[in-house]
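This report refers to the structure that appears directly beneath it.
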Amino acid sequence: MTAEVIYGNVLAENLRLEMREEVDALKEQGIIPKLTVILIGDNPASKSYVRGKQKASSFVGVESNLIELPSDATEKYLLELIDTLNKDSQVHGILVQLPLPAQIQEQVIIEAIHPDKDVDGFHPVNIGRMLTGKDTFLPCTPFGIITMLKSKNIEIAGKNAVVIGRSNIVGKPVGQLLLNENATVTYCHSKTKNMEEHIKAADILIVAIGKAHFLKGEDIKPGAVVIDVGINRIEDGSLTGDVDFESAKETASYITPVPKGVGPMTITMLLHNTIKSAKRFHQV
Ligand SMILES: Nc1nc2c(c(=O)[nH]1)N[C@@H](CN(C=O)c1ccc(C(=O)N[C@@H](CCC(=O)O)C(=O)O)cc1)CN2
């Protein structure tokens with residue numbers, strides 16, 4: 001079996017075209033969705049992701065404002081800035097690019113952003129809403145993954161979904177979204193015993209562990225759906241996923257590549273959330 005490749009960049013482009021039309025229609029009603037991104041320090045990867053967010057915002061017509069702070073910015077300064085943005089009625093979405101420098105506590109910052117402007121979907125109020133299946137801003141990468149599965153009409157209900165990795169941004173929420181879709185979800189992590197057995201039993205595998213080529217074709221059940229969330233920069237400078245794509249594609253039924261897989265969907269779902277926030281604020 002050779003897997004069908006799910007190209008996130010293609011789906012992302014189609015969704016962004018639809019969003020552009022939606023934003024045009026909002027603009028005719030005098031509504032301009034606005035996103036403010038805060039970038040602290042000069043992490044090259046973060047800078048590149050933020051550039052991607054600005055480029056995509058501009059494509060769909062979302063106004064984006066980038067605030068850059070030095071790497072020694074204080075938590076107090078950032079909290080004051082967030083407070084100002086929370087009160088600014090022109091701003092529909094606030095995003096603080098992660099990771100943060102050591103002097104700033106990530107969870108303090110996440111909880112300072114008003115849940116109604118938390119287009120990353122990281123605030124505990126929005127996480128709680130996601131958990132209970134209520135309408136909310138869903139975390140962008142997990143939301144992108146579910147959107148990719150649905151784009152191919154891949155059945156989720158009743159399937160064994162195995163999530164490798166348990167980060168707050170990807171692993172935990174993607175498992176919850178799969179559970180909301182009625183999958184039977186297993187989380188695997190560094191302390192999991194018999195991980196191979198869990199992996200072999202998976203119909204849907206989400207790999208978000210941050211280890212280049214961790215998962216090989218021989219590890220997976222024939223016909224499994226493999227979603228690779230890894231972004232690993234290897235010695236030759238190229239980007240590769242957590243899955244050994246070449247071997248896994250011979251066993252899987254569907255597989256996502258890296259790059260051009262999940263990554264572009266993350267930015268697209270951020271735009272979706274920003275537009276949703278603007279519509280909510282203006283009650284349209
Ligand atoms: N506040 C947030 N910080 C971070 C998030 C997030 O969702 N919110 N996620 C990641 C980084 N990220 C978005 O911020 C992100 C990662 C990767 C991509 C992407 O398009 N990747 C491309 C490859 C890009 C390259 O060549 O380097 C791909 O996979 O094709 C977009 C966004 C951590 N921080």
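Note that Cβ sites are derived from N, Cα and C of the backbone, with glycine treated the same way.
Whatever TrEMBL says is automated annotation, not expert-curated.
Annotated features, as they stand in TrEMBL:
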{"type": "DOMAIN", "residues": "6-120", "note": "domain 'Tetrahydrofolate dehydrogenase/cyclohydrolase catalytic'"}
{"type": "DOMAIN", "residues": "139-280", "note": "domain 'Tetrahydrofolate dehydrogenase/cyclohydrolase NAD(P)-binding'"}
{"type": "BINDING", "residues": "Gly165, Arg166, Ser167, Ile231", "note": "NADP(+) binding site"}
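In this view, Gly165 (NADP(+) binding site) is surrounded by 24 other Cβ atoms within 10 Å of its Cβ, with every protein chain counted. Taking every pair among Gly165, Arg166, Ser167, Ile231, the residues recorded as binding NADP(+), the greatest CA to CA distance is 16 Å. The DSSP breakdown of the domain 'Tetrahydrofolate dehydrogenase/cyclohydrolase catalytic' (6-120), given as helix, strand and coil counts, is 61 helix, 18 strand, 36 coil.
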